Amino acid sequence: MPAACESLLDDIEDIVSATDPKPHDRQNARQNIVPRARKRNKNKIQEEEPPADSTIPGTQKIWIRTWGCSHNNSDGEYMAGQLAAYGYSITEQPEQADLWLLNSCTVKSPAEDHFRNSIKKAQEANKKVVLSGCVPQAQPRQEYMKGLSIIGVQQIDRVVEVVEETIKGHSVRLLGQKKDNGKRLGGARLDLPKIRKNPLIEIISINTGCLNACTYCKTKHARGELASYPVEELVDRAAQSFQEGVCEIWLTSEDTGAYGRDIGTDLPTLLWKLVEVIPEGAMLRLGMTNPPYILEHLEEMAKILNHPRVYAFLHIPVQSASDSVLMDMKREYCIADFKRVVDFLKERVPGITIATDIICGFPGETDEDFKETLKLVEEYKFPSLFINQFYPRPGTPAAKMEQVPAHVKKQRTKELSQLFHSYSPYDHKIGEEQHVLVTEESFDSQYYVSHNRFYEQVLVPKDPAFVGKMVEVKIFEAGKHFMKGQPVQDSYIYTPSITKPLAKGEVSGLTEESKPPNNPESLLQTSREGLQTFFFVTALLAAVIAFVGIKLL
């Protein structure tokens, strides 16, 4: 042990010599130090300005562009509502906006092309850009999205965070899924603020994702597996919308027929609960449903579609009348299943409108396959038919299949379109008196648009007294996609809304206390004053710390 101590002492003596000052010598020496006064500019501290307005989140103008389905439009409404509630100004003029929020659709190639072109335009105009929707969710590593912020389809409740960081110059990407105890949720909360594109219509997404794995579909890559919202949350959302003057509800999802299979319930159960809260005269429209899942509930669905507050309308995509093509598509039904659904509903729900979709030129489709599809349309004469020329979507199995030549796809699309336009679905209704619900203005601004019991479009005179009302009209003209009606003299105009609708652009779900200031300058002034106080306190604190440090020397 003594040897070890001697060794340690030798090491210390190598470092500290006998001539070095001792600790008490260092303390005495400090007394002879004269502190040098630091130059301060008190005026500079007090007059220091906060950053420019463009860097203060919550004061900018935002333009939102949405492509695609009702589900995507609902997401866009929710994002607009949250941004407006935070203080951002939502503008319909893209050139005036500081930031573009582009909400994309991946169903068809042309929609993605428009999305990509809009990104380019935004960058050329030196706009901040945030991307959302199915395209960036499904393929976020595309070169044209490099360096841009992305909001995932299940992360729309965090749009304010993403926009805020983007305005500050950062790139943010939130693409994760929402889960509860490991179980995937339907998405963002349904009670979030929103700005309805049409204050009279509430779009409710009842579930996200689906149970199928169609070989041509890119949406599955973005929306994923089925995840349904609880019945009570959907009913609460519907009830709230009626309290805000809504008179029509659209239920939407990638497949409404599959609703509830992941949470132990089903679509009829939800619909019966919803009709309990629908005011008299208000209407509910059911969204797209695939044949396999509605087959199990035909009896109940027929009863619901006969309900006076539910449109006798159903969108059932068939895609092809060839079983071999349906098998290649992995549609999980045969043409006999589709016909069974349609025939049953036509019998049990007199006058029901059946809308459907058809893809022309799917890989492997022969002339005989296509003739089967033509025969189906000829037999049922669908009043609403969405005809789509096949586009291979990158990353889908169908893109790797042997393709039908482009000129053949175009010819088949043209032939089917000609067949569709060869019959008039509404001529027999001329002279009928119908009750219609008026909800919007026509594209040419010449008429108001309404829908009858079967969700058939009826154009009525542009009388402001009709908006949001149930009106009785007499049909005097019929076109391919619409009818025209004249109000019946002395008929009663019914108001289904239980309260005055929100103004266009007004945020849903906000109390008076939580609404943003009407004057953007007041918000800006508050931000400036807060920042000025912050900077002054920070500078004062730094000065105190410096003074204390000097005293301790």
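Each Cβ is built from the backbone N, Cα and C atoms, and glycine gets one as well.
If you check Swiss-Prot, you get these features:
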BINDING   Cys69, Cys105, Cys134  [4Fe-4S] cluster 1 binding site
BINDING   Cys210, Cys214, Cys217  [4Fe-4S] cluster 2 binding site
DOMAIN    60-168  domain 'MTTase N-terminal'
DOMAIN    196-427  domain 'Radical SAM core'
DOMAIN    427-489  domain 'TRAM'
REGION    17-57  region 'Disordered'
TRANSMEM  530-550  transmembrane segment
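Structure coloured by features recorded in Swiss-Prot.
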residue	record	DSSP class
Cys69	[4Fe-4S] cluster 1 binding site	coil
Cys105	[4Fe-4S] cluster 1 binding site	coil
Cys134	[4Fe-4S] cluster 1 binding site	helix
Cys210	[4Fe-4S] cluster 2 binding site	strand
Cys217	[4Fe-4S] cluster 2 binding site	coil
Show, in sequence order, which residues other than Cys210, Cys214, Cys217 on the same chain lie with their Cβ within 8 Å of the centre of the Cβ atoms of the [4Fe-4S] cluster 2 site. Asn212, Ala213, Tyr216, Thr219, Lys220, Glu254, Asp255
Can you list the residues of the same chain, besides Cys69, Cys105, Cys134, whose Cβ falls within 8 Å of the [4Fe-4S] cluster 1 site's Cβ centroid? Trp67, Gly68, His71, Asn72, Ser104, Thr106, Val107, Ala111, Gly133, Thr219, Ala222
Note down the number of other Cβ atoms within 10 Å of the Cβ of Cys214 ([4Fe-4S] cluster 2 binding site), including every protein chain shown. 20
Cys69, Cys105: which of these binding-site residues has the sparsest Cβ neighbourhood within 10 Å? Cys69
Any idea what the Cα distance is from Cys210 ([4Fe-4S] cluster 2 binding site) over to Cys134 ([4Fe-4S] cluster 1 binding site), rounded to a whole Å? 14
Just give the helix, strand and coil counts over the domain 'TRAM' (427-489), going by DSSP. 6 helix, 31 strand, 26 coil
Taking the Cβ of Cys217 ([4Fe-4S] cluster 2 binding site) as the centre, count every other Cβ atom within 10 Å, in any protein chain shown. 21
Note the mean pLDDT of the domain 'TRAM' (427-489), expressed as a whole number. 97
